[in-house]
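As structure tokens, the structure follows; a few thoughts come after it.
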Protein chains: 2
Amino acid sequence: MTNNPQEPGRKGLLIVLSGPAGVGKGTVCSHLRRISPDLVYSVSATTRAPRQGEQEGINYFFKSREQFQAMIDNDELLEWAQYVGNFYGTPRSFVEDMIASGRDVILEIEVQGALQVKNKYPQGVFVFLMPPSLDELKMRITGRGTETEDVIEKRMNVAIEELRMMRHYHYVVTNDEVESACERIRSIIAAEHCKRERLEPYLNKWLEGVTG
Amino acid sequence: MTNNPQEPGRKGLLIVLSGPAGVGKGTVCSHLRRISPDLVYSVSATTRAPRQGEQEGINYFFKSREQFQAMIDNDELLEWAQYVGNFYGTPRSFVEDMIASGRDVILEIEVQGALQVKNKYPQGVFVFLMPPSLDELKMRITGRGTETEDVIEKRMNVAIEELRMMRHYHYVVTNDEVESACERIRSIIAAEHCKRERLEPYLNKWLEGVTG
């Protein structure tokens with residue numbers, strides 16, 4: 001065992017990155033992937049058919065509906081949801097295996113899913129991505145296409161409901177600029193690895209060695 | 001008010017950097033000072049006479065014994081101690097003024113003093129600097145001069161007692177290399193500014209604006 005709990009040998013972390021639709025979770029994650037190649041991205045299970053080029057275990061774990069139902073029944077998913085007739089979920093084993101091997105895992109997910117994960121895996125690090133302003137969020141939501149006023153208003157109401165959920169998160173990061181948001185997330189990950197509570201098992205062993 | 005609680009306008013933090021004698025608190029602080037010029041270093045009050053070149057309010061706040069006693073009586077010190085016949089302490093007002101103006105304040109202090117500060121200012125961020133190994137700590141303690149075995153053993157026992165105090169801290173940072181230790185401390189400061197609990201007052205105002 002290394003003497004330094006901040007070096008390899010330590011356990012990894014699950015970082016859950018969430019926030020309202022339109023806040024830019026995907027953009028932040030892509031940038032994070034480029035600047036932090038060591039981060040592992042959680043791979044979802046799905047019942048939808050693979051699209052061209054999609055690889056098992058890389059893009060998704062492809063499951064039959066029966067297999068997926070069994071995963072739900074056996075509590076093998078940290079969260080799951082149904083979307084346009086297909087099931088999507090986060091396999092617990094993938095996350096736990098990576099963490100046990102010392103890798104940090106990032107899970108990008110919408111707000112409802114994140115709250116499910118928090119119930120099943122409260123030791124995760126829950127980061128809420130916030131728009132710099134409501135106008136900015138509205139611009140991002142309307143900027144997506146040629147939606148009607150009605151649809152936009154509905155989406156805004158959903159986004160506001162989602163914003164209220166930030167009280168369940170450990171950290172709030174403003175997505176003013178992708179680079180600064182990613183730097184803050186990297187700092188959060190580094191700081192969480194220094195948390196005394198997380199290091200307790202290593203530290204106790206170290207202290208035993210010192211005083212034993 | 002800015003929409004972004006991670007930008008100027010926010011409140012500062014008190015970061016208390018502590019650890020056993022010989023762990024390298026001073027070296028880490030000097031390096032941190034160079035790479036983070038925005039950090040304010042807490043200025044102590046003392047009853048000892050100014051030495052040549054020492055400036056009031058920069059190196060110390062110089063006080064008479066009566067003035068110092070009055071500060072103790074009026075609870076104007078976050079901690080204090082007597083050392084070789086003189087009193088030393090951390091004026092609460094200096095720290096609080098800087099924090100109110102949005103500056104982060106760092107306080108380098110030995111373990112007993114840090115625990116006093118934690119009682120008076122629990123919202124501080126308490127960072128324990130740890131030696132990479134006990135041998136390393138012993139080398140640092142003995143490397144200081146030409147002490148007898150007896151003195152070294154006493155110092156080691158004190159250091160071990162101080163190591164046990166790390167359970168009162170929020171973060172533990174291994175001082176394996178000064179640069180990495182400082183990077184971890186910088187990450188801790190950045191992450192603490194993203195803590196949802198700390199941002200709560202700003203976020204609630206923001207949400208009121210959104211939904212009002």
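Glycine is no exception: its Cβ is also placed from the backbone N, Cα and C atoms.
The ATP binding site annotation in TrEMBL covers A:G19, A:P20, A:A21, A:G22, A:V23, A:G24, A:K25, A:G26. The annotation domain 'Guanylate kinase-like' is assigned in TrEMBL to A:12-190.
The secondary structure of A:K25 (ATP binding site), as reduced to three states from DSSP, is helical. Here the binding-site residues are A:A21, A:V23, and the one ringed by the most other CB atoms within 10 angstroms is A:V23. Cβ neighbour density within 10 Å is lowest for A:G22 among the binding-site residues A:G19, A:G22.
Each of the binding-site residues A:P20, A:G24, A:G26 was scored by the other Cβ atoms within 10 Å of its Cβ; the lowest score goes to A:G26. Neighbour list (A:K25 (ATP binding site), Cβ cut-off 8 Å, at least 6 residues apart, same chain): A:L17, A:S18, A:G19, A:E108, A:L129. For the domain 'Guanylate kinase-like' (A:12-190), the predicted model reports an average pLDDT of 94.
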